[in-house]
Amino acid sequence: MPHQQILMLFGLLPVATNISTWWNFGSMLLACLTLQLLTGFFLAVHYTANINLAFSSIIHITRDVPYGWMMQNLHAIGASMFFICIYIHIARGLYYGSYLNKETWFSGTTLLIMLMATAFFGYVLPWGQMSFWAATVITNLLTAIPYLGSTMTTWLWGGFAINDPTLTRFFALHFILPFGIISLSSLHILLLHEEGSSNPLGTNSDIDKIPFHPYQTYKDMLMLTIMTIMLLTIVSFFPDIFNDPDSFSKANPLVTPQHIKPEWYFLFXYGILRSIPNKLGGALALTMSIMMLLTLPFTHTSKLRSMMFRPFMQLTFWTFTATFLVISWTATKPVEPPFTTISQVAALMYFLFFISNPIMGWLENKIMKL
């Protein structure tokens, strides 16, 4: 067994002294995953994957099953917590140049895609009005694929429309994907500890390290406590804060909701999809909104790893963050002026971040004579 693994077993994993709170979100994601697995199992025990019974089974869980309401709310709001943590975790990776650790970054991006797929399948399961129409809109994007599109859509649906087979396979996928997430998370952590964590300065940490326990373990526990308090506060006092009113009506294929929109954590991607008035173009932009993350290790031209000493890149990063929020906001609005224009400009700026990344690096190298 390699030397580092032995150290890890004893909690003596060496960690940079100067890593900030932004490095705590990895352990928080692990806690979220554990919570989702436990609550998900107890919900699956009582859930019925049938289009006539799914909606009623959710009502049965919340009303009749002991602490079922708590399991259901913890699972739904836990998913939101999961995405809050993963978006902060990715933003930290972007800001501090963690993407230069290629294997870890690629496994992390794959984890994000798997998480998004799992969340989408889970959103369909209650078979509410918004679940049904969100599934219809998103799965319909497959038809935009030339030649294979229609065949793939029919294969995914299990028929010529979204029906009982669709719900059954979505439940099966929602159940099995988290096991893939667990496996890939283990690989992600293993690959990270091959090289070790970065630090805010983006320098080599070898000269100044401390043991993981007790320093980082207590820091992790503090952040986990804060997250638990937030989660339980929302579950207890504002359980429907992330819900859509249409989710409380049973799916009706004959009535289209006024405004179809996904959960808040998919709004940025949905906004990018909607900003392009072409089905295939929108589907490609949607895919690229995530896939662009994979280009970052190859487009990093700066001699400095972290953005801590790169003012131009900091401005670009915070513009990107604001753009992300603006796209999410416009995606909640109807498709009419001025929202269409705002969303198109924001989508363009979103992709410009990835294009400007190498240019900014080169420019900063010139200015600082590196």
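Each Cβ is built from the backbone N, Cα and C atoms, and glycine gets one as well.
Per Swiss-Prot, these features apply:
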type	residues	note
BINDING	H75, H174	heme b b562 binding site
BINDING	H89, H188	heme b b566 binding site
BINDING	H193	ubiquinone binding site
TRANSMEM	25-45	transmembrane segment
TRANSMEM	69-90	transmembrane segment
TRANSMEM	105-125	transmembrane segment
TRANSMEM	170-190	transmembrane segment
TRANSMEM	218-238	transmembrane segment
TRANSMEM	280-300	transmembrane segment
TRANSMEM	312-332	transmembrane segment
TRANSMEM	339-358	transmembrane segment
Mapped DSSP class for H75 (heme b b562 binding site), helix or strand or coil = helix
How long is the line from the C-alpha of H174 (heme b b562 binding site) to the C-alpha of H188 (heme b b566 binding site), rounded to the nearest angstrom?
-> 21
The transmembrane segment (280-300) vs the transmembrane segment (339-358): 3 or more CB pairs under 8 Å = yes
Taking the transmembrane segment (105-125) as the reference, which of 69-90, 170-190, 218-238, 312-332 gives the largest number of Cβ pairs under 8 angstroms?
-> 170-190
Translate the DSSP assignment of H188 (heme b b566 binding site) into the three-state scheme.
-> helix
State the non-local partners of the transmembrane segment (170-190) in its own chain: residues 6+ outside its ends, Cβ under 8 Å from one of its Cβ atoms.
-> 26, 29-30, 33, 36-37, 40, 44, 47, 49, 104, 107-108, 110-111, 114-115, 117-118, 121-122, 124-125, 135
Remote residues contacting the transmembrane segment (312-332) - C-beta distance under 8 A, at least 6 residues beyond either end = 91, 94-95, 261, 264, 267-268, 270-272, 274-275, 302, 339, 342-343, 346-347, 349-350, 353, 356-357, 360-361, 363-364
CA pair H188 (heme b b566 binding site) / H75 (heme b b562 binding site), Å rounded to integer, equals 24
Spatial separation of H89 (heme b b566 binding site) from H75 (heme b b562 binding site) - C-alpha basis, Å = 20
Counting other CB atoms within 10 A of each CB, which of the binding-site residues H75, H89, H174, H188, H193 comes out lowest?
-> H193
Measure from the CA atom of H89 (heme b b566 binding site) to the CA atom of H193 (ubiquinone binding site) and give the result in Å, rounded to a whole number.
-> 17
